[in-house]
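J.: Here's the feature list from TrEMBL:
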- 44-298: domain 'G-protein coupled receptors family 1 profile' (DOMAIN)
- 28-52: transmembrane segment (TRANSMEM)
- 64-85: transmembrane segment (TRANSMEM)
- 105-127: transmembrane segment (TRANSMEM)
- 139-158: transmembrane segment (TRANSMEM)
- 191-213: transmembrane segment (TRANSMEM)
- 244-264: transmembrane segment (TRANSMEM)
- 284-305: transmembrane segment (TRANSMEM)
Amino acid sequence: MNLTALNQTDVCQEYWCPERSVSLSVYVILYVAAAAVSLLTVCGNLLVIISVSHFKQLHTPANILILSLAVSSLLVGVFVMPLHLSWVIESCWISGSVMCSALKIVNFQATSVSVHTVALIAVDRFLALRSPFLYSEKISPTVICIATLFNWLFSLFYNFTLLFVNGNFADVTCPGICIAIIDGVSSLIDLIVVFLVPCTLIIILYTHVFVIAKKHVTAIRALQVHNSTQSSKNRVGDKSERKAAILLGILVIVFLLCLLPYYICSLVIPYSDDDLFHVRDVTVMIFFLNSTINPIIYALFYPWFKKSLKLIFTFKVFNRDSSLMNVL
């Protein structure tokens, strides 16, 4: 998302694609690397989608939010990454005006959905630890599905409106470039809706989540000292909630680390500054890499994802009633 105000007259100056300045072999290597990153992103998130969708044990509120995040990351890997990386490699937009318009809406949509989904994950974990009884009664997979659907529909309406009112779907486009034109007022609104509000919410809620988790650990240890006959079932249940909060906290922290440089750069560096164009590209690619990193986090820290991968790669998911298999 481009947060810096741009005038269309400033953007649409005469522009010609530069000639290739290095050998063909270098371009081949760059395209192979870009294809590898895109393929890793697609495959990793597709495995997450298959796992959460197929196995009924994984149909929990938190995992449905992870599923939503994986779908938005899949869009990045299938559509946004290949087009953007080819633009960076060639230093020129070569995919035409229709693909440029499609890239804008998909890029904005994936970004908005991802940020708001991570905010919903923070809300989910906060409620699960702060009010576990209320959470178990009120927050069901159906409720989270409705919230997720609303998130996607709101993001689609918001981003389409944002791009449309700023003339980004006009037939006349600048040759060789694909930049979303956003005026000053729209940039401020976008900054608040997609960055400041959700990220502030994420930081505040997860600060509370870790404080609550620490208090739970202290209370349980004190209780164990006075009551050695405490039910192992209760200990496991409390421990699983804290572990889920910590693991999702890792996901949230990595997401923020990838997101912050992108928005800081968009705010500090004006899009008219061609000298720092590549700096902006680096921050954009760091943000895109979050879509690649997420499945790696699941593979490293989530036992259910490891078990799901084993069942998928051994084709046991095609067995009858495989959706009922134990993956926890």
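Just so it is clear, glycine is given a Cβ too, placed from its N, Cα and C backbone atoms.
Nobody curates TrEMBL annotations by hand; they come from automatic prediction.
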J.: For the transmembrane segment (139-158) and the transmembrane segment (64-85), check the count of CB pairs under 8 Å (sequence separation 6 or more) and say whether it reaches 3 or more.
T.: yes
J.: What parts of the chain pack near the transmembrane segment (105-127), using Cβ distances under 8 Å and only residues at least 6 beyond its ends?
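T.: Residues packing against the transmembrane segment (105-127) from afar: 1, 61-62, 65-66, 68-69, 72-73, 75-76, 79-80, 84, 134-135, 139, 144, 147-148, 151-152, 154-156, 158-160, 162-163, 180, 193-195, 198-199, 201-202, 205-206, 208-209, 212, 244-245, 248-249, 251-252, 255, 259, 287, 290-291.
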J.: Six or more residues out from either end of the transmembrane segment (64-85), which same-chain residues have a Cβ under 8 Å from its Cβ atoms?
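T.: Distal contacts: 34-35, 37-42, 45-46, 48-49, 52-53, 95, 99, 102-103, 106-107, 109-110, 113-114, 117-118, 120-121, 124, 141, 144-145, 148, 151-152, 284-285, 288, 290-292, 294-295, 298.
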J.: Short question: most Cβ pairs under 8 Å with the transmembrane segment (28-52), which of 191-213, 244-264, 284-305?
T.: 284-305
J.: When you scan the chain for residues with a C-beta under 8 Å from the transmembrane segment (284-305), skipping those not six or more beyond its ends, what do you find?
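T.: Contacts of the transmembrane segment (284-305) (Cβ under 8 Å, skipping residues fewer than 6 from its ends): 37, 40-41, 44-45, 47-48, 51, 55, 57-58, 66, 69-70, 72-74, 76-77, 80-81, 84-85, 88, 111, 114, 247, 250-251, 254-255, 258-259, 261-262, 327-328.
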